[in-house]
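Undergrad: From TrEMBL, here are the annotated features:
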DOMAIN    128-151  domain 'Glucose-methanol-choline oxidoreductase N-terminal'
BINDING   Asn138, Tyr139, Met140, Val141, Val266  FAD binding site
DOMAIN    301-315  domain 'Glucose-methanol-choline oxidoreductase N-terminal'
ACT_SITE  His536  active site, proton donor
ACT_SITE  His580  active site, proton acceptor
Amino acid sequence: FPKSGRHRKLKMYYVHTRRKLPFRHNQTSESISLLTSCYFSVSVQWGNYDFVIVGAGSTGSVLTNRLTESGKFKVLVLEAGSYENDITDIPSFAGALMSSDFNWGYKTVPQTTACLAMKDQQCNYPRGKAIGGSSVINYMVYCRGNKEDFDKWEEDGNFGWSYDDILPYFKKVENSKLTVEDFEFHGHEGLLNVEQNRYNTSFTDLFLEASKQLNRSFVDYNGEDQIGVSHIQSNTINGKRCSSSKAFIKPVMNRQNLEILDKAFVTKVLIENNKAKGVEFVRDGKVYQAAASKEVILSAGAINSPQILMLSGIGPKEHLEELGIPLVQDLPIGKTLLDHYILFALQFTTQFEVGQWNLTELLNNYLEGFGPLTAAAGATGIGFLNNRVKSSTNPNVEYIFFSTSAETIYEFTLKSLHVTDENWFVNFEPSKGKLCWMIVPVLLHPKSRGKLNLKSKDPFDFPLIDLKPLSDPEDVDIEDMLNAVNDIFELSKTPAFQSIGSQYLNGPLPSCKNFEHLSDDYWRCAIRQLTTTLYHPVATCKMGPPTDNTAVVNNRLKVYGVDSLRVIDASIIPTNTASHTNAICYTIGEKGADIIREEYGDL
């Protein structure tokens, strides 16, 4: 059988699936699924370990480092992606990486409340597929979140997760090289480098000055106060990407008690009598099983961890029964998908024309640790405010400031958003040839909720992601975004921005021509057209106390009803935070590692 033509076709299917390419052969997906189920019924034992970690992303990388630190535990790490390279090191290529093989290639199902100007009304949903996970393709913004967010976690019954409890872990992770900081809130001996963005333009200075003219303060947003504006704090080292792999895995690759397999696609957790015994995975077209004597730890991220659990029989009873998956434990997995939403429409032209870059100079500057290539698609400034409750110390909106041009936005960002050509033309064509600045507003605490389901019981089928942005019945989210739009226009009118002739030249979107251009009703329409996700999914395996009927794991990150199984990644985050979730993932990994080591006498 392994030498037959059917095997060759199976391997082609596996490779095409892994690379996100469409199936190009004459056989139907149903026949291929039958073939895979027949072939995959035969598996080979890979080995026996104390812990098997599924996923080498930001959280998995920390766990890999810490659980192998003492030498007491034998650890296997399985990652579906491959190792990063010199191209992923370049921050300005962040947008382009979302169209690369380092991205899983997910999209949401067609949406009805947002992403309406995107192709097929689908929000693009990049997730990192690499040793280092999404830290290999993200925009490297280091933002922890607000004290009140974490205190709310504990108030909701997640004891041990208050701000005071996890601040030491934020500091443990961090190797701060910031030139301006609230010193006592930062760590300076950790493995993860944090530095001020190495490229700032005169437009960045104008953003900070315009904010000052509206009585907004310059702050260390990872320090004592978050409300205000700042340069971006970035996970870079001398202007080059500092991924979780570089920080936590590369230094320990030679530990004798550690084995890391890349291109290893985990299909399910092996469970006997409601106890995790190991995992099944596919590598190089062959099926293997790896045994875990202590625990299986899912760190595959907020999309893949819930998918693996449901494929293993852990999830909503009715959903699994519909797909013919034997039920192990009835849990509300995927029922509370949360994210941050962004609006990509607020680009202002200036009186300056785009010049020509000298490629040699650009590369030399990058190698020396400065210049445009060290900034993620021109993102150079950041701000936080609460436009709903002015006196609040917890922001509901973030601003990401870009110094850029229309051509750069198209090449490195809008291509990854998959905006249709007609919407691209009216939104950015008027700015071509001009230097621009743009603010992308982010809803940090939206009311809307989405869900994640399996498409089928085939592990190679992508899950169904139904994000539902701006779907809250009271329209709080869309009004918050509208308030942000109006505020950004006020910023554009300040003396600082008017000194460079800032103008908003974009024409009306095709679907919004029935409204007076730039009126509030126009923007309500446009917001639904061009709002998408910031790629910060959380809460699909939500942490909560036993009394929380939406919880999947407890405060020790153990899956309810299944022994020897934990989820330790962004999927356990119970509520949205005023953060970029990558920073929290590192801290979850540190705290999760300490919880495990304490239980097994390794602290």
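Quick reminder: no glycine exception, Cβ is built from N, Cα and C everywhere.
Automatic prediction, not curation, is the source of TrEMBL annotations.
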Undergrad: If you skip the near sequence neighbours and keep only those at least six away, which residues in the chain come within under 8 angstroms of His580 (active site, proton acceptor), Cβ to Cβ?
TA: Asn138, Tyr139, Val141, Tyr142, Cys143, Leu534, His536
Undergrad: Cβ under 8 Å, sequence separation of at least 6 from the ends of the domain 'Glucose-methanol-choline oxidoreductase N-terminal' (128-151): give me the contacting residues as numbers and ranges.
TA: 55-58, 60-61, 79-84, 88, 91, 94, 97-98, 100-104, 161-163, 165-166, 170, 194, 221-222, 226, 232-236, 241-246, 249, 260, 262, 301, 376-377, 379, 382, 393-395, 398, 400, 535, 575-580, 582-584, 587
Undergrad: For the binding-site residues Met140, Val141, which Cβ has the most other Cβ atoms within 10 Å, all shown protein chains included?
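TA: Of the binding-site residues Met140, Val141, the highest Cβ count within 10 Å belongs to Met140.
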Undergrad: Can you count the other CB atoms that lie within 10 A of the CB of His536 (active site, proton donor)?
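TA: I get 24 for this one.
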Undergrad: Restricting to the same chain and to residues at least six past its boundaries, which positions have a Cβ under 8 Å from a Cβ of the domain 'Glucose-methanol-choline oxidoreductase N-terminal' (301-315)?
TA: 54-55, 57, 80, 104, 106, 125, 127-128, 133-134, 266-271, 325-331, 333-334, 337, 452-454, 457, 459, 463, 465, 537-541, 552, 559, 561-562, 567, 569-571, 573
Undergrad: Express in Å, rounded to the nearest integer, the largest CA to CA distance found among the FAD-binding residues Asn138, Tyr139, Met140, Val141, Val266 named in the record.
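TA: The FAD-binding residues span at most 29 Å between Cα atoms.
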Undergrad: Looking at the domain 'Glucose-methanol-choline oxidoreductase N-terminal' (301-315) alone, can you tell me the average pLDDT?
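TA: So the average pLDDT across the domain 'Glucose-methanol-choline oxidoreductase N-terminal' (301-315) works out to 98.
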Undergrad: Can you give me the same-chain residues 6 or more apart in sequence from Val266 (FAD binding site) with a CB-CB distance under 8 Å?
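TA: Correct list: Val54, Leu78, Ala80, Val279, Glu280, Phe281, Ala300, Ile308.
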Undergrad: What counts of helix, strand and coil residues does DSSP assign across the domain 'Glucose-methanol-choline oxidoreductase N-terminal' (301-315)?
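TA: Taking the domain 'Glucose-methanol-choline oxidoreductase N-terminal' (301-315) as a whole: 11 helix, 2 strand, 2 coil.
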